[in-house]
């Protein structure tokens, strides 16, 4: 039997509580600072504007493209390579003066004049009103996910568990956003989907640990132990599973990052960061928080409800 | 103890067979096809058309592999694109302009699978290539246009009733009629109440301010908006048909928005041009002089007249009409199919005030002659109907009836309505995906899922041995169930959807890891192998349920609030969570039971 994590004695995670909380707090604050200072580089879906993906027969001259598009006076263009030297992305801000239809056609015509080997791969135009709606929908979705999860956990466990889980996971979300702000990666609709998926996934993680904590509280042989010891035992017992599960998901996501091409890049990046911090936060943020909120055995035992045994 | 009753194995086997059947169509790929649909609502798709098209194809020495007909189109499938192109040209030449002939891709699903309603997943635009537009109907313009017409109607009504009025002005969203005294205010209000029952009236009898203010009721406003969107959608449908797009999607989204998706269309400039174009109705007089008709048929029409093709119940033919346009479709408020006094199908037109007075004069001066209603599209006119004028027609209500069926009346009404857009539209979102990018996306999505899956499966087998093999197999089952459900539900697969498949597989393994770890733990705690399996599964289940429900909450929120890309992701994600519960818990337990459950003396587990 191969075992990566065969730990004989419980690791005293809770005694590092102060340290891990401090680390979390610092990373969290750093992320918030970047978010506030640099802001997110919102994708065209949110800001409105036009994005064109072009492919050239041979490697493209970005400066020349930038000059040609600038000369058309549709606003300040962003021109960047997209993975290869042949693929180019041109981004233009939303303008009131021209309709989208005119812009993309005119740009392609101009670039064709410079280099006939250019080919349009993708055009995306989003009017500004759509962007505002997406932002409000995104925020609503985020709030709804949080409320839903807190409600479910509060019913299944207890409010302390629910609040610590959601705080730990919001911490993950803020850190992902912080990364996107720091590196000025494009924050698109798919990245938002990834962030929300991380929220669900990461709560998953806390739930597994909490489930163990609840079980330990109810176990007769754990009766004499202190609360921190019970939590330590729960974390140690689930650690192997935590690492392997996250490893598997991470492998999938990395596969997307490597083989998925530019279309899936942002999505996979957000998930990669989210999953790595998910491991950390569910173990070392959610549990100390639980302790801080003063969870006791009585919180879990009081409702004398027989834990429902599953019929498998 | 670790044995399933027979019916549980049966459920597993049946679900796997069903899933395999419904996943199967995705493996057959697509072959080129030619699709014929009507370009005008007066042309029908029926068996006769199918026979004509088939004859045309046979004439160029081709035989289609399969023929598929539905209510609105006929499709012929071919072996390769050469045959497809040749057939398309032949069919187009044979059928003429009344039908649009488009190139399409049809799934090569065998007949026995089609009869089971098994069909491959439909691909989203980002995987197929094509254009996506989101159009916003300018409601203010629609309202403004309607208020202008209402002002004209009021003017006409008051003049007919001989009620003297002062200024009629539009004030914001209302029409204000200035009147002389309290008596005329009452008269005007009574007259307008009967003439315009859908509008709200407000009287003011203050000294020096005798007015009637006309506004839309909230219901009327709602009706106006929904009619505007509906009419625009009808018009767009008609126009998209002209483009020869194989499977267009034109749908209302929200209150005043319309989504148009045109798969396979690459020429966006042309698409935009056609979506924004207007078609109009023209009323002209018919020249019935036999000498003139003879001359025209010899290719020499007299000055100021032209030959115009005629469509309709009396068969196709030509009519000689004058070039002077008496009235245009801009003066039509509405066209509805209905019945005349003799219970014959008819089309009721409602003209605006200017149109009514022009029409009144025209009919008064031309009793006994024929007039032609001509629909001008693509710069080409076509006579829809050419009735004889029996008497002067006043009041702006025109009825067109003849030997037509109610279906034809509906079609004509629709054509007249669909001629132009009710309100201007703005493109607020546009997405074009080239076909090469679509193919790339499928390939990349497929590869990333495949490699990720293989890596996870190999790891599981090495790390958990027999239990790992069971986990890998149940993960594969999960993929099968997921693909089958997606195909059955007809959810269209997008690139984020493929990403969700990969992610769901990565997350689904969590359940198996939980179970396997639990079984190991029970063994470590000194349980017998059979007890370990039993307890491992039982203890893991509560955790699996909790963690999947929380993930599902996030998935559902995405589904409800997401749009476009996010929805595609959320659908697959939510379905994947449900299938993963089934396969990771129920199916994997079934496999474990088969492997270990029937061994009496079990001393160890390969976990």
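Backbone N, Cα and C define each Cβ position, glycine as well.
Through the fold, the transmembrane segment (A:16-37) approaches residues 171, 174-175, 177-179, 181-182, 281, 284-285, 288, 291 of its own chain, all at least 6 residues removed from its boundaries and within a Cβ separation under 8 Å. What TrEMBL records for A:16-37 (among others) is transmembrane segment.
Look at TrEMBL and you will find A:110-293 tagged as domain 'Protein export membrane protein SecD/SecF C-terminal'.
As annotated by TrEMBL, transmembrane segment applies to A:134-154 (among others). A Cβ distance under 8 Å defines the sequence-distant neighbours of the transmembrane segment (A:134-154), meaning residues of its chain 6+ beyond its ends; these are 45-46, 161-163, 165-166, 169-170, 173, 189, 192, 196, 199-200, 203, 207, 210.
The transmembrane segment annotation in TrEMBL covers A:161-183 (among others).
Taken from TrEMBL, the feature transmembrane segment covers A:189-210 (among others).
Sequence-distant contacts of the transmembrane segment (A:251-268) (same chain, at least 6 residues past either end, Cβ-Cβ under 8 Å): 82-83, 87, 185-188, 190-191, 193-194, 275. The feature transmembrane segment is assigned by TrEMBL to A:251-268 (among others).
Outside the transmembrane segment (A:274-295) by six or more residues, the chain places 13-14, 16-17, 20-21, 24, 158, 160-161, 163-165, 167-169, 171-173, 175-176, 194-195, 197-198, 201-202, 205-206, 208-210, 213, 227-228, 231, 235, 239, 242-243, 246, 249-250, 253 with a CB less than 8 A from a CB of the stretch. According to TrEMBL, the feature transmembrane segment maps to A:274-295 (among others).
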